[in-house]
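Here is what Swiss-Prot says about this protein:
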- 1-12: compositional bias 'Polar residues' (COMPBIAS)
- Ser9: phosphoserine (MOD_RES)
- Ser10: phosphoserine (MOD_RES)
- Ser18: phosphoserine (MOD_RES)
- Ser20: phosphoserine (MOD_RES)
- Ser21: phosphoserine (MOD_RES)
- Ser23: phosphoserine (MOD_RES)
- Ser25: phosphoserine (MOD_RES)
- Ser26: phosphoserine (MOD_RES)
- Ser29: phosphoserine (MOD_RES)
- Ser30: phosphoserine (MOD_RES)
- Glu63: active site, proton donor/acceptor (ACT_SITE)
- Glu63, Phe64, Phe65, Pro66, Pro67, Arg68, Thr94, Trp95: NAD(+) binding site (BINDING)
- Ser103: phosphoserine (MOD_RES)
- Asp159, Gln228, Tyr321, Arg325: substrate binding site (BINDING)
- Ser394: phosphoserine (MOD_RES)
- Asn456, Ala461, Ala462, Glu463, Thr464, Thr481, Ile482, Asn483, Ser484, Gln485, Thr560, Thr573: S-adenosyl-L-methionine binding site (BINDING)
Amino acid sequence: MVNEARGNSSLNPCLEGSASSGSESSKDSSRCSTPGLDPERHERLREKMRRRLESGDKWFSLEFFPPRTAEGAVNLISRFDRMAAGGPLYIDVTWHPAGDPGSDKETSSMMIASTAVNYCGLETILHMTCCRQRLEEITGHLHKAKQLGLKNIMALRGDPIGDQWEEEEGGFNYAVDLVKHIRSEFGDYFDICVAGYPKGHPEAGSFEADLKHLKEKVSAGADFIITQLFFEADTFFRFVKACTDMGITCPIVPGIFPIQGYHSLRQLVKLSKLEVPQEIKDVIEPIKDNDAAIRNYGIELAVSLCQELLASGLVPGLHFYTLNREMATTEVLKRLGMWTEDPRRPLPWALSAHPKRREEDVRPIFWASRPKSYIYRTQEWDEFPNGRWGNSSSPAFGELKDYYLFYLKSKSPKEELLKMWGEELTSEESVFEVFVLYLSGEPNRNGHKVTCLPWNDEPLAAETSLLKEELLRVNRQGILTINSQPNINGKPSSDPIVGWGPSGGYVFQKAYLEFFTSRETAEALLQVLKKYELRVNYHLVNVKGENITNAPELQPNAVTWGIFPGREIIQPTVVDPVSFMFWKDEAFALWIERWGKLYEEESPSRTIIQYIHDNYFLVNLVDNDFPLDNCLWQVVEDTLELLNRPTQNARETEAP
């Protein structure tokens with residue numbers, strides 16, 4: 001039975017556990033364990049490769065380098081998210097000695113790779129060089145990588161500073177030394193990749209001598225090889241045969257470089273000391289000032305090369321040197337049929353690839369549109385909910401004090417946000433209009449589309465289309481929705497809009513609606529909710545901590561679940577009243593941090609946003625009768641009707 005509302009029907013404070021966000025170090029809970037939905041979440045990279053090799057399923061992977069600026073870091077993380085949609089098996093991040101690569105700077109190799117794993121859910125290889133580094137430095141970098149959740153290292157010697165190679169006293173001089181050290185110090189924790197040179201390393205005495213060095217690296221513990229770029233398939237085929245003859249049996253992945261510009265080609269060739277075939281030079285030289293023409297030629301060349309490699313049966317996958325660009329590589333993969341935007345999701349929310357989160361399969365619904373924030377606020381947990389959220393009075397969410405961490409920043413710059421949300425606001429209705437335009441996809445009066453809100457930096461989720469008309473109607477009237485889901489009763493898990501999990505299952509949802517609204521509307525809503533008491537769970541809270549709910553105090557409400565062959569029921573999304581009090585701090589702060597601070601202090605626009613922050617309520621509603629038609633729209637309609645109904649005194653005044 002649903003509990004009676006705690007708090008009065010008018011909006012008086014009920015402050016128990018309401019205002020503080022806390023920052024305890026771990027979540028104390030005992031969790032039921034359920035079988036994982038996605039086997040790849042529990043496999044290390046070399047196991048994923050082995051399974052693909054056995055099945056004949058080709059993979060692709062992508063290389064990126066750390067950006068030079070903070071803005072570049074924000075853009076690169078956005079690119080990770082976009083390119084993750086195509087299904088890379090892994091990415092790798094290069095090690096730039098000049099850029100303080102092991103530091104906590106947002107442009108460091110370590111931080112970019114950590115962000116890819118933790119916040120983008122990408123299996124990631126971190127390059128690491130031993131050139132000009134002491135043993136203690138290298139070991140420290142490896143321990144830090146492990147602590148950040150990185151499990152794959154590409155062990156490289158690195159390029160010398162200047163033209164001449166100088167040995168480092170107390171350090172390592174060759175990649176094989178680094179491989180041996182990783183295995184000696186960390187055992188089997190890391191999967192190790194090493195570089196192969198299809199034409200031999202430019203500093204090697206001979207091709208055969210270089211192959212012997214490669215064999216030494218594999219014998220020391222390397223799990224697979226990624227090659228330097230090359231331009232002709234026969235170069236790779238000869239290399240693979242030579243490796244086989246040498247007794248090298250691990251996977252060898254060819255490195256592919258789609259030519260994207262004349263200057264980038266010259267720079268890469270200079271660094272790699274490779275010779276470009278004359279027939280390629282003959283094509284590029286006349287069009288060297290036409291970037292589009294060179295890019296198109298590079299795409300055609302890469303597609304042809306990849307087709308020849310794949311047809312040989314010698315290639316387990318393809319590794320692309322992207323130069324931090326996406327267009328050419330994406331186009332090549334699409335033409336090869338390897339870019340697969342599978343709408344199916346292992347779970348309804350974005351995954352992290354950190355090893356300690358591999359069992360995680362339950363989250364509160366509130367962070368559905370801010371998964372990176374949720375991961376940040378729970379990064380100190382020692383274990384993660386698996387099977388059920390559980391009863392907990394202390395979810396221990398870390399505080400979100402810095403809204404400008406590069407992986408949490410809006411992808412849109414200030415100028416673009418002002419064009420979307422308004423250079424100047426004149427009333428609360430101006431704010432309502434922004435929400436409506438975000439939902440409708442129509443441009444504002446200045447011709448700019450609203451593609452994000454402070455609570456959602458992405459386009460609308462596919463399932464929002466099922467509720468679009470209702471959402472538009474209520475947002476026009478000051479019910480400012482930031483999260484919603486329709487009720488679902490047994491849709492196939494393969495459904496392209498609401499499906500998730502393995503095939504052959506069925507998914508279910510309770511209708512959910514979360515929104516900001518004025519105090520007057522909240523008071524009317526509470527009056528209406530009395531007649532829905534046994535069906536609808538509600539929770540209203542404002543920035544001051546006034547808190548009214550009819551939900552059981554410490555009891556989460558499962559609002560998404562799935563039934564799959566041979567498995568227990570999975571409940572990946574809950575509405576948890578305790579977590580909601582932590583979420584409300586973040587949700588209210590976003591009014592100011594993301595929107596209000598776009599305007600000058602004391603300006604009318606800033607004042608309007610501040611008023612909403614100070615006076616509105618954050619509300620969530622759950623319709624527990626998921627097999628029936630969603631009643632939440634009727635609840636809202638009844639509320640608006642009550643709000644607009646003339647008062648008794650007004651009617652008496654108007655009477656003749």
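Even glycines carry a Cβ here, placed using N, Cα and C.
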Which entry in the list of binding-site residues, Ala462, Ile482, has its Cβ near the fewest other Cβ atoms, using 10 Å as the limit?
Ala462
Neighbourhood of Phe65 (NAD(+) binding site), C-beta criterion under 8 angstroms, separation at least six:
Val93, Thr94, His96, Leu323, Asn324
Under 8 Å between C-beta atoms and at least six apart in sequence, can you list the same-chain neighbours of Pro66 (NAD(+) binding site), or say none if there are none?
Ala73, Leu76, Val93, Thr94, His96, Gly99, Pro101, Thr107, Ser108, Ser109, Ile112
What is the separation, in Å, between the Cα atoms of the residue listed as 'active site, proton donor/acceptor' and Tyr321 (substrate binding site)?
5
Can you tell me whether DSSP puts Trp95 (NAD(+) binding site) in helix, strand or coil?
coil
How big is the NAD(+) site in terms of the longest C-alpha to C-alpha distance among Glu63, Phe64, Phe65, Pro66, Pro67, Arg68, Thr94, Trp95, in angstrom?
16
Tell me the Cα distance separating Thr560 (S-adenosyl-L-methionine binding site) from Arg68 (NAD(+) binding site), rounded to the nearest angstrom.
42
Taking only the Cα atoms, work out how far Thr560 (S-adenosyl-L-methionine binding site) lies from Tyr321 (substrate binding site), in Å, as a whole number.
40
By the count of other Cβ atoms within 10 Å, pick out the sparsest of the recorded positions Ser103, Gln228.
Ser103
Quick check for the class: what is the C-alpha distance, in angstrom and rounded, between Asn456 (S-adenosyl-L-methionine binding site) and Pro67 (NAD(+) binding site)?
25
Just checking a number: largest C-alpha distance across Asn456, Ala461, Ala462, Glu463, Thr464, Thr481, Ile482, Asn483, Ser484, Gln485, Thr560, Thr573 for the S-adenosyl-L-methionine site, rounded to a whole Å.
20
Of all the binding-site residues here, Thr94, Asn456, Thr464, Ser484, Thr560, which one's CB has the most other CB atoms within 10 A?
Thr560
